[in-house]
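**Student:** Pasting in a structure now, in structure tokens, and then I'll have a few things to ask.
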Amino acid sequence: MTPPENKNLVDENKELIQEVLKAYPEKSRKKREKHLNVHEENKSDCGVKSNIKSVPGVMTARGCAYAGSKGVVWGPIKDMIHISHGPVGCGYWSWSGRRNYYVGVTGINSFGTMHFTSDFQERDIVFGGDKKLTKLIEELDVLFPLNRGVSIQSECPIGLIGDDIEAVAKKTSKQIGKPVVPLRCEGFRGVSQSLGHHIANDAIRDWIFPEYDKLKKENRLDFEPSPYDVALIGDYNIGGDAWASRMLLEEMGLRVVAQWSGDGTLNELIQGPAAKLVLIHCYRSMNYICRSLEEQYGMPWMEFNFFGPTKIAASLREIAAKFDSKIQENAEKVIAKYTPVMNAVLDKYRPRLEGNTVMLYVGGLRPRHVVPAFEDLGIKVVGTGYEFAHNDDYKRTTHYIDNATIIYDDVTAYEFEEFVKAKKPDLIASGIKEKYVFQKMGLPFRQMHSWDYSGPYHGYDGFAIFARDMDLALNSPTWSLIGAPWKKAAAKAKAAA
């Protein structure tokens, strides 16, 4: 039963939402009202609408379908060349976008931080760019002979003029003897980067899995199966996250045969269907391919969470339960090994952080997955929301958040600022677009997209870094220096009086 004081807080937060909405014209207010709510315990849903186009004219943090395909799913595949097919301006999302760490020699056998563009000009819009794209792929294969394949990431003009990139892909694939994957991920498609994820997943299904089927049929799969093979999917190795996750999986006796897509390779994409279990970290961006693997190959899949010691231990046990007693015993040994280490981290940082509050606004999985990590440190989440979630994301979020938590979907810059002013959280955890706004308001901030150039945050080792970074953000002595001297003097005089 909800305590009376929490009932009051629910009502208070609902009133806050209505107050914030008053700034909009009636039509916009009605639209935005559906995306804002206060979570009430025992509800199976957060009660917000999602995956709907943003209200025209507002400041939204969303990206486009091209960003979802190139910047998230395909871009981190390190041994493929990813062509940004269109004007060079979209290159903002084309290189060094997400700190996807990888092992390899850039420009020789790895291309993760390189920018390849067809540099569309006006004449290409008029006459079409198929010949230019064909020549580009041929030249790139000569310049970088160790590439394993090419992906064509379409920008807006490609879809508008109707270039046949599929025909180019089939033709050039035969010429260079490597996979060439076309992606219709033009930025105008869909309402956010989420459709780009879906398009990217479908391209793996339609253009990569047939290669697996062919190799298996011809008995040419260079793969020795084991009963402990898993595919690690939806981890983009931001700051080394996938390595931290992989280390724990291997320590408990599992073999990671495919890592998608941070530090991943084309071969790992191809042999993904050979795994016994799919472990998905970022549900939003890769649940589509998990469902395809289940439908086509009968592969089971599960979402896991390696943020914070509480959820790490729970996830290790859930994963181990899918295997035999050997793996289950190993999981317990891994948990026992790291428990004293985590206790030492908590003993050091929890007293310094306990009682603080945080408001989250990120994409993907983090608005829910990082909640337990904050709670392990004694930090309470008072608001959370997604940039591009779907309804099932918000259903999954109910298992993570407390009663009276403010929920905001595709929150506008205005709304987020007003919520922060009213709730006065001690910390904001969001993205680069929000960072400097709140820092100028004198609020501690941590980036939850790129970890503010820190990390990893996954796994036991990552939690120690996470705790340190939250402590640095909240307890930095610089916060005592941001007040204007005349305001400090006035405050002292008032206190003395």
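Backbone N, Cα and C atoms are what each Cβ position is placed from, and that goes for glycine too.
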**Student:** Which of C156, C282 shares the [8Fe-7S] cluster site with C64, C90 per Swiss-Prot?
**Tutor:** C156
**Student:** To the nearest whole angstrom, state the Cα distance for the pair C90 ([8Fe-7S] cluster binding site) and H449 ([7Fe-Mo-9S-C-homocitryl] cluster binding site).
**Tutor:** 20
**Student:** Note down the number of other Cβ atoms within 10 Å of the Cβ of C64 ([8Fe-7S] cluster binding site), including every protein chain shown.
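**Tutor:** The answer is 24 other Cβ atoms.
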**Student:** If I restrict to non-local contacts, at least six residues apart, and a C-beta distance under 8 angstroms, what lies near C156 ([8Fe-7S] cluster binding site) in its own chain?
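**Tutor:** Result: Y66, G86, C90, E186, G187, F188.
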**Student:** How long is the line from the C-alpha of C64 ([8Fe-7S] cluster binding site) to the C-alpha of C282 ([7Fe-Mo-9S-C-homocitryl] cluster binding site), rounded to the nearest angstrom?
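**Tutor:** On Cα coordinates alone, these residues lie 18 Å apart.
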**Student:** Are there residues of the same chain, six or more positions away from C282 ([7Fe-Mo-9S-C-homocitryl] cluster binding site), whose CB falls under 8 angstroms from its CB, and which are they?
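**Tutor:** Within the chain, C282 ([7Fe-Mo-9S-C-homocitryl] cluster binding site) has Cβ neighbours under 8 Å at G234, D235, Y236, G364, L365.
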